[in-house]
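One structure is given here, and the rest of the page talks about it.
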Amino acid sequence: MILLKLYLTLAAILCQSRGMTSLDLDDLMTTNPEIQNEIINKHNDLRRTVDPPAKNMLKMSWDNIIAESAKRAALRCNYKEHTSIAERTIGGVVCGENYFMSSNPRTWSSSIQSWFDERNNFMFGFGPTIPGVMVGHYTQVVWYKSYKVGCAINLCPAQSLKYFQVCQYCPGGNVAGRKYEPYTIGEPCAARPKDCDNGLCTNPCAYNDDYTSCPDLTKQVGCHHPVTANC
């Protein structure tokens with residue numbers, strides 16, 4: 001059965017935090033390879049710590065094309081104007097998106113950690129433990145098959161929350177039908193123990209979850225078999 005995919009564009013709105021005022025916008029530009037490494041390392045470090053553990057969590061890597069897409073989203077300066085699915089479709093793959101806004105610049109590690117900390121109100125397989133609380137940033141950060149990421153920041157001086165950080169993830173997570181199961185529970189790398197880097201799988205397959213059976217089909221016949229053409 002084909003499921004309608006629900007790719008959530010998510011925004012975290014946080015006010016000024018202490019200890020962040022020494023940063024400058026230039027310190028956070030994602031054209032800097034050091035910043036790219038910080039973003040990737042932070043995501044991968046957090047993905048290794050999910051509880052319950054994940055047997056199929058992919059290792060993330062940086063993608064400049066996705067970063068350019070995230071930059072276009074950041075230039076809008078308005079989290080209410082969500083990036084359309086068409087604009088977030090890169091190479092035929094629909095990507096997910098997380099937003100973060102703040103009154104003062106924050107390190108990328110801090111912003112990503114804030115998304116991840118939504119897990120404090122999340123129960124695997126159930127969803128939010130408090131009605132209405134946001135958990136979609138967390139589930140996107142730890143979505144098992146989102147293995148490419150690109151991020152950007154923009155200064156929006158007309159707004160009180162003027163620092164606008166955007167990350168896009170490909171393939172996107174938060175898929176309808178399993179958005180509260182962002183990965184499969186099991187021993188780290190148990191899905192592909194020969195393709196493993198410290199608990200993260202290194203055998204990505206860029207397919208969309210158009211069918212509930214896509215993960216099993218892809219495992220059996222690979223990414224390029226006609227059976228998985230619509231995965």
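Cβ from N, Cα, C; glycine included.
For CYS167, the disulfide partner named by Swiss-Prot from the candidate list CYS151, CYS189, CYS196 is CYS151. Of the listed cysteines CYS15, CYS95, CYS156, Swiss-Prot assigns the disulfide bond with CYS77 to CYS156. In the three-state DSSP classification, CYS95 (disulfide bond) falls within coil. Recorded residues CYS77 (disulfide bond) and CYS167 (disulfide bond) have their alpha carbons 14 Å apart, per Cα-Cα distance.
In sequence order, LYS55, ASP195, CYS196, GLY199, LEU200, CYS201 are the residues of the chain that are 6 or more apart from CYS189 (disulfide bond) and have a CB within less than 8 Å of its CB. Under DSSP, the residues of the domain 'SCP' (41-169) split into helix, strand and coil as follows: 38 helix, 34 strand, 57 coil.
Counted within 10 Å of its Cβ, the other Cβ atoms near CYS170 (disulfide bond) come to 26, all protein chains included.
In sequence order, THR30, ILE39, ALA67, ALA70, TRP108, GLN165, VAL166, CYS167, GLN168 make up the list of same-chain residues 6 or more apart from CYS151 (disulfide bond) whose Cβ falls under 8 Å from its Cβ.
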